[in-house]
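Trainee: Feature list, courtesy of Swiss-Prot:
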BINDING   GLY15, ALA16, GLY17, LYS18, THR19, THR20, ARG121  ATP binding site
BINDING   THR19  Mg(2+) binding site
BINDING   ASP37, ARG61, GLY83, ARG140  substrate binding site
Amino acid sequence: MQSTLPSLFIVGPMGAGKTTVGKLLAKHLGRDFIDSDHYICEQTGADIPWIFEKEGETGFREREARAIAELTALPNVVLATGGGVVMQPQNRDNLTKQGITIYLRANVDVQLKRTAKDKSRPLLNTPNPRAVLQSLFDVRDPLYREVADIVVETGDGYPRYMLKKIIEALKQHYPEHMKS
Ligand SMILES: Nc1ncnc2c1ncn2[C@@H]1O[C@H](COP(=O)(O)OP(=O)(O)O)[C@@H](O)[C@H]1O
Ligand SMILES: O=C(O)C1=C[C@@H](OP(=O)(O)O)[C@@H](O)[C@H](O)C1
Ligand SMILES: [Mg+2]
C-alpha cells in the first residue's frame, strides 16, 4: 500500500533535476509536492538571488534550515531540497530521521548543461561555473551519500525516465510499501 510509504526527500546537486523529477514523482504517487527553495521564497517574499544579495549565503542557510525542519516533519509528501541542504548537520539529521532520502546524482557536465541558461542560482553567477560545480561536488557527494537511502544516477535520461528509475528503486528497496 502506497499510503504507508514515508515522506520522500530528494537531494543532489544543482541541475540534477530534483525540482523537475520531484514534481513528477509526487504526481505519480498522488502526494503533495513541496520544493524547499520555493517555500523559502514564499516565506521571505523574495527570490533566491535577492536573499543571497541582502542576507548573504549565511542568511539563506538559516532560512533553509528552518524550512527543512518544518517540511521534513510533514507526512506523505515529496520534498525537493536545494543542492546545499546537506552542508548543515541539523538538515542531514532531519533528512535521515524523518523519511526516505533519494540522492539524484548527476555529473558536472550534466549539471553545467542544465544550469547554463538559468540565472537564478547565485553560486553559479561566476566566470567559471564548472570549477564551482566541481568543488561543490567534491565536498557534497559524500554528504549526499551519507543521508541517502537510495542513489539514482541521472545520465542523459529524460525526466520521465528518471521517474521510472526512482519508482523501480523504491519497489526494490521498499517492496512492502510499493505493492501496485
Ligand atoms: N532528466 C532530465 N533531462 C533533461 N533535462 C532535465 C532533466 N531533469 C531536469 N532537467 C532540466 O534541467 C533544468 C534544471 O532542473 P531542476 O529540476 O531545476 O534541477 P534541480 O532542482 O536539481 O536544480 C531544468 O531546466 C529542467 O527542465
Ligand atoms: O547548491 C546550492 O547551494 C544551491 C542550490 C539551489 O537549489 P537547486 O539545487 O534546486 O538548484 C538553491 O538552493 C541555491 O541556489 C543554493
Ligand atoms: Mg531545484
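Residue positions begin at 1 at the first shown residue.
Positions of Cβ are set from backbone N, Cα and C atoms, glycine also.
Since this is a predicted model, take the numbers as computed values, not measurements.
Provide an account of the burial state, proximal residues and distances for the features listed.
Mentor: Other Cβ atoms within 10 Å of the Cβ of THR19 (ATP binding site), summed over all protein chains shown, number 16. DSSP gives THR19 (ATP binding site) a helix state.
For ARG61 (substrate binding site), the same-chain residues 6+ apart in sequence whose C-beta sits under 8 angstroms from its C-beta are GLY84, MET87, GLN88.
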Trainee: Say you check the Cα of LYS18 (ATP binding site) against those of the binding-site residues ASP37, GLY83, ARG140; which is nearest?
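Mentor: Of the binding-site residues ASP37, GLY83, ARG140, GLY83 has its Cα closest to that of LYS18 (ATP binding site).
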Trainee: Restricting to the binding-site residues GLY17, THR19, THR20, ARG121, which ones have a CA within 10 Å of the CA of ASP37 (substrate binding site)?
Mentor: THR19
Trainee: Would you mind pulling the longest C-alpha to C-alpha span across ASP37, ARG61, GLY83, ARG140, which the record has binding substrate, in angstrom?
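Mentor: With ASP37, ARG61, GLY83, ARG140 as the binding residues for substrate, the largest Cα distance is 18 Å.
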